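Each remark here refers to the structure printed beneath this line.
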Amino acid sequence: MSDNRDQLLAIGAQCSEATCHLVDFLPFKCQHCNLRYCGDHFKPDAHRCSKYDESKVNRVAPACPLCNTPVAIPPEQDPNIRMERHIQSECSVMTGKAPKKSSPVCGRPKCGKVLFAPITCDKCRKQFCPSHRFPATHNCASTASSAQSKPSSSRSPPIPNMSKALEDLPARTNAALAAVKRSMASQSTPTVNSPRVAAPAVKQASSESSSKSGPGGMRNPFSQVDRRAREERESRRKAMQERARKGLLSEEEKLILAAEEAERAAKKDGECRVM
């Protein structure tokens, strides 16, 4: 039994209060006298600490009766003398001076937040709150001056004469349609026999076209390449027609759509003639 009791006493510590001596496994240490106490006697008032000075610990800064500003009183100094010196030289009511701000304030206009952890801008070197710490949020003067000094390289190019372009538009459209008609007419007319000098080239071209189109010179209707090309051209034509109905086509796209429509109409006429 004595061995077990010694082991338990070695774990904790006895309370230093003369009327207690309780064994506490988690004792408190007084910061003034550095002695260990239990949970009931760890406060300086509870164990009547001899090294505790209430005047040094519980210091309260009295407020000035005129400007209502707390006045710090150093240790071992008469509060009346310190207050009188404040009223004569520091009080804003008696001296007419603006009260000094004890802590910095956000540098952005109309913010006025007290900065407990001020953030300094790297460009204007002013202090701001977390909400206005970025140059764009506090209208940084350095960024504005740099933007004004640098020439704007993203200016749009000069707009050409629109009236002249609109006047030339019908002529360009008519010329494009005439060129499309001439090409369609040249494709529909039979080809004239070429001279003997170009015979090898004609034979080579005809052999290549026959090899591509299939046996017998006929285009293979089941060819995946031809069918995919037709589907792509048809989808592109429908998309351009939809954009044309909405008025979103440019002049070049209008010319391309007109050429597609003319070629499609010519193909339909050729199919009807064959049938």
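Every residue, even glycine, has its Cβ placed from backbone N, Cα and C.
Automatic, uncurated: that is what TrEMBL annotation is.
Under the heading domain 'AN1-type', TrEMBL lists 9-57, 100-148. Taken from TrEMBL, the feature region 'Disordered' covers 142-164, 180-254. According to TrEMBL, the feature compositional bias 'Low complexity' maps to 142-156. What TrEMBL lists as compositional bias 'Polar residues' is 184-194. As annotated by TrEMBL, compositional bias 'Basic and acidic residues' applies to 225-254.
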Query = Per DSSP, how many helix, strand and coil residues does the compositional bias 'Basic and acidic residues' (225-254) have?
reply = 25 helix, 0 strand, 5 coil
Remark   = Residue counts for the domain 'AN1-type' (9-57) under DSSP, helix then strand then coil, are 7 helix, 8 strand, 34 coil
Query = Which whole number is the mean pLDDT over the domain 'AN1-type' (9-57)?
reply = 87
